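Engineer: Here's the feature list from TrEMBL:
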type: DOMAIN; residues: 7-419; note: domain 'TRAP C4-dicarboxylate transport system permease DctM subunit'
type: TRANSMEM; residues: 27-46; note: transmembrane segment
type: TRANSMEM; residues: 96-125; note: transmembrane segment
type: TRANSMEM; residues: 137-161; note: transmembrane segment
type: TRANSMEM; residues: 173-195; note: transmembrane segment
type: TRANSMEM; residues: 216-235; note: transmembrane segment
type: TRANSMEM; residues: 241-258; note: transmembrane segment
type: TRANSMEM; residues: 279-298; note: transmembrane segment
type: TRANSMEM; residues: 304-329; note: transmembrane segment
type: TRANSMEM; residues: 336-362; note: transmembrane segment
type: TRANSMEM; residues: 403-423; note: transmembrane segment
Amino acid sequence: MSAAVILALLFTLLLLGAPIGFALILSGFAGILWVGGTTAALGVLASVPHELAGKFEFLTIPMFLLMAEFVLRSGVADDLFKVAAAWTGRVPGGLGMATALSGAGFGAICGSSTASAATLSATSLPAMLKHGYERRMAAGVVAISGTLAMLIPPSIAMIIYGLLADVNIGKLLIAGVVPAILVTAAIMLTTYVLAKRDPSCAPLSAKVTWSEKFRLLRLVAPMLVLMMAVTGVIYTGVATPTEASAMGALVSAILYFMRGRRTWAEVADLFGRATRTSCMVAIILLGAHVFTVFFALTQTTQSLIGWVGALPVEPWVIIVALTLMYLVLGCFLDQIAILVLTVPIVAPLVSSLGFDLIWFGVIKIVTAELGMVTPPLGLNCFVVSKYSRTPVQDVFRGTLPHVAAHLVVLAVLLLFPALSLWLPSQMR
């Protein structure tokens with residue numbers, strides 16, 4: 001009874017427009033006050049911030065956000081697209097493929113889906129439109145390619161899932177690598193098929209000589225250095241995710257200052273943006289932890305596990321049902337909200353069914369990618385619509401073939417968990 005009332009309070013606060021972090025803190029505190037009394041409620045408010053601050057993994061969030069800010073201002077995205085376009089431009093849909101590769105490369109040094117979509121909208125989209133690409137197709141490729149940042153290290157969404165589900169952050173980040181390659185390949189293949197069916201919607205680019213292609217490769221050297229400073233050191237065991245995030249922030253800062261004169265105002269704004277976003281994420285995680293304590297006191301999670309365990313169905317049916325639930329929720333709720341509202345309950349349930357939480361984290365993030373491009377809330381589509389001056393409904397239509405391809409990849413990842421778990425199992 002108490003859980004139902006507090007959940008109703010939470011959703012009422014969200015519907016009234018309260019920030020999700022504060023809504024979670026207020027409703028969770030009210031629930032603990034109801035169930036455990038004033039002493040317990042005040043004790044939780046006093047202890048949870050210290051527990052969260054004591055997790056070294058949390059430091060990865062401000063460090064990776066700072067790294068993303070340096071990268072966004074450094075112009076690396078332009079170089080990525082220029083190199084990718086030179087190598088794929090003569091293939092049907094080549095610039096669309098270059099956009100997918102740029103999305104993957106930029107995602108590997110950014111970690112934010114909307115930031116990636118905005119950056120691609122400013123770099124790849126104008127180039128495709130200039131070469132005569134159909135506006136709807138070009139916008140769709142940009143929107144879906146932006147989602148790759150959620151799956152490729154250093155994904156902020158992955159880190160939040162890891163903190164909420166209490167899994168190894170390093171292994172979780174590395175688990176996204178192979179699925180990200182599959183998703184990137186799916187975007188490229190879909191773009192190729194669309195261009196092959198109707199060449200007029202994606203004209204071929206001008207021919208680039210082999211010597212020029214190899215000469216341009218030097219432009220991606222900074223990105224490779226940054227990737228090795230983050231993903232490489234995590235995979236090889238040279239550094240923890242926290243240490244790797246700090247190293248990534250330092251290397252990106254060096255690249256940022258090496259690529260032109262900078263003003264103190266610009267640097268201050270950069271640090272300010274990273275700080276504000278970090279504080280927002282911290283408040284959300286704080287609220288999630290308070291709400292998790294309330295669930296523990298009411299034994300809501302244990303009751304759910306017991307109820308599901310008694311159902312006369314196979315465990316994989318529950319996993320499919322959870323996946324479908326996430327796909328539906330992704331159409332209507334912000335992805336961070338979905339994570340903090342569901343993972344504290346769903347993670348123990350998935351673990352009790354005998355499934356790997358790292359694998360399930362990858363599945364969850366892939367559904368989140370789809371949520372970023374499906375109506376009515378698909379945030380990436382609104383970002384691309386704003387930058388391209390394309391009606392948002394056309395952007396949604398442009399993503400439809402890619403959504404279908406994404407669903408195929410999702411099914412493959414569900415059927416073959418080893419695709420997600422093999423790389424983490426090889427870590428030192």
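Glycine is treated like the rest: Cβ placed from N, Cα and C.
Nobody curates TrEMBL annotations by hand; they come from automatic prediction.
What you see is a predicted model, and the numbers here were worked out from it, not measured in a lab.
Tell me what's around each of these sites.
Structural biologist: Within its own chain, the transmembrane segment (96-125) has Cβ neighbours under 8 Å at 64-65, 67-68, 71-72, 76-78, 80-81, 84-85, 87-89, 133, 137-139, 141-157, 180-181, 184, 187-188, 191-192, 194-195, 202, 220, 223, 226-227, 230-231, 248, 252, 335, 369, 372, 379-380, 383-384, 386-388, counting only residues six or more beyond its boundaries.
Long-range Cβ contacts of the transmembrane segment (216-235) within its own chain (Cβ-Cβ under 8 Å, at least 6 residues beyond either end) map to 67, 71, 74, 76, 79-80, 82-83, 86, 105, 108-109, 153-154, 170, 173-174, 177, 241, 243-245, 247-248, 251-252, 255, 423, 427.
Long-range neighbours of the transmembrane segment (279-298) within the same chain, counting only residues 6 or more positions beyond its ends whose Cβ lies under 8 Å from a Cβ of the stretch, are 2-3, 6, 10, 19-25, 27-29, 31-32, 35-36, 40, 44-45, 48-49, 51-52, 58, 61, 156, 160, 163-164, 336, 340-341, 343-345.
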Engineer: Where among 137-161, 173-195, 241-258, 403-423 do we find the most Cβ pairs under 8 Å to the transmembrane segment (304-329)?
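Structural biologist: Highest pair count goes to 403-423.
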Engineer: What stretch in 173-195, 241-258, 336-362 has the biggest tally of Cβ pairs under 8 Å against the transmembrane segment (403-423)?
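Structural biologist: If we count Cβ pairs closer than 8 Å to the transmembrane segment (403-423), 173-195 scores highest.
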